[in-house]
Structure formats: C-alpha cells, structure tokens
Amino acid sequence: MLPDNDTQISEFLLLGFSEEPELQPLIFGLFLSMYLITVFGNLLIILAVSSDSHLHTPMYFFLCNLSLVDICFTSTTVPKMLVSILTQNKVITYRGCITQIYFFLLFAGLDVCLLTVMAYDRFVAICHPLHYTVIMNPWLCGLLVLVSWSMCILNSLLQCLMVLQMSFCVVLAIPHFFCELKQIVQLACSDTFLNNIVMYFGVVLLGGCPLPGILYSYCKIVSSICGISSAQGKYKAFSTCVSHLSVVSLFYCTGLGVYLSSAATHNSQSRVVASVMYTVVTPMLNPFIYSLRNKDIKGGLKRVFGVEAINRPIILGLNKCL
C-alpha cells in the first residue's frame, strides 16, 4: 500500500536553471530586473487609467485588470526563485507548492480570459460602433470580469484538489524554477489518468476555447476595416487593436512554444527557458506594447506626472513669498 501524502511528502526540490555557482548572480540580477520592470510598468498603467477620467472606458478597464493580473502572475513564481538563489535553498514545502500551483493556474487563466474579453470589446467597438456604449455598459464589463474570475478560481481549485489525491515516491526533484502542474503529476507514483484528463480539460477550456473566439473577432474586425473607404479611417481603426493583437500573439506563441519544445525534446532545460517567455517576459513587455503605441496611455501618464510638475513651481513660489 502506498503511504499517504501527509506522512510521506513534506517538501519538493526546485532545480531551477543551473547548478553552476558562477551563473547564480547573473540569473538573480536578470530576473530581479525583469520582475521590477514588470511590476513598475504595470503599476504605471494602472495609475494612468485610474487617475485619468478620459481613460475610464471599457477598453482601459480591462487593460487595468490585465495589468493587475500580470503583476500577480509574475509574483507567483519569480520572488520564490529569487529567494532560493539568494539563500541557496531550493526547497519548497508541499503546501507552498500546492499554493503556487493554485495561484499560477488562476492568474494564467485570467490572462487568457481577459485577452478574450478585450478581443470582444474591440470587436464591438469596430464592428458595431453606434451600439458600443449600449452593449459595453458598466454592468456587462463587471459581469465579464466576474465570470472570468469565477471560472479560473473553480479550475484552479479543481486542479489542486486532484493533486492532493496523488501519492508520491522517492524522487521529489522538480526540473523547473516553479511548481508546474504537469511536472508534479509526472512525479506521482499513483495512477494519474484522471489527473491528466482534468489537467488537459482545463487547458482546452481556458486555453483552447477562447482562441477561436479571438480569431473570429479579428476576422470580423479585419473585414470591417477593409470596408472603410478612407486610409486614415482604416489606420485609426486598426491602431486601436494592434496592441491587443500583439499581446495575444506573444502570449499564445510563447505558451505554444513551451509545449512544442517539451514534445520535441526531453531536455528539461529547454522547457524551463521556454517557460520564462510566457511567465516573465510577456508580462514585462505588455506595458511597453500598450504604452508605446497608445497615445491615450501616454497622454494619461503625462497628465499624471504633469500635475506634480505644475504643483512644484507653485509651492516654490509660495515659499519665496513667505
């Protein structure tokens, strides 16, 4: 009889990227830099949207939620890895591993759901511009976000409950820098058929099903843009969704690359490197993609920091008078 998890499993070992000591400072500095850029970049997006009344629209409401989710998504894995490198301790407790799996799946699923909702928002804005404010009302926007959270919470909870039913043997080393669900399932010595069914069902539900909706939305968007007579009108319509399309392409291409690389080769190191793209690099690039090509976001950031620039001379002038 296999022993229970409570008596056998207390911790896992996260192998990370490299065992070579001379590479650890480089890896630590690189990931710390990317993490800080991700947090501050997405916080600036949230600050610009929340403080500028011109950006209180459905499109930027969803973008604000996406930025918050990206911060949480990266914070699920990177801080633990940085602490492990700093302390030279690669151990993660059993409860800590389950918690990491839960939040990783939650925020990864929310990323996909919010990108799908944003595609629908652009579809309504370009294909049905006269009915946009009626369709994308505050109640529907809040409902879409609430449904996204509910679906992802239930999926994460189900996946974690399935993991809790598994028994593990001697080998508890995870060839990754975080507790990935697939790696944990592969370490189990009990029957994992049901776990694999539930895992792939969740991938199809939250990863595969939204993709046809996104593709359909952009097919209709392209069709509507082609029907616009003026070149300026075409450019204006396309510029409103090019940032979102870039983020969707980056997220799905990097995610697909992870699974293709794992299927093509059994080298765990290549899978770890590929995972960095969608867990760290994509959330880091999102603020740049949305701000560099978006005049509204750049204008919002200028207005936010412009208030301080205006107030400073006034305070200095008062001090001189006093």
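Numbers here mean position along the shown chain, with the first residue as 1.
Backbone N, Cα and C define each Cβ position, glycine as well.
Positions annotated as domain 'G-protein coupled receptors family 1 profile' by TrEMBL: 41-290. Feature annotation from TrEMBL assigns transmembrane segment to 26-47, 99-120, 132-154, 161-178, 198-216, 237-260, 272-292.
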Annotated stretches the transmembrane segment (161-178) and the transmembrane segment (272-292) touching (3 or more Cβ pairs under 8 Å):
yes
Report, as numbers and ranges, which residues of the same chain sit near the transmembrane segment (198-216): CB under 8 Å and 6 or more residues beyond its ends.
105, 109, 112-113, 115-116, 119-120, 151-152, 155, 158-159, 162, 181-182, 185, 248, 252, 255
For the domain 'G-protein coupled receptors family 1 profile' (41-290), what's the mean pLDDT in this predicted model?
88
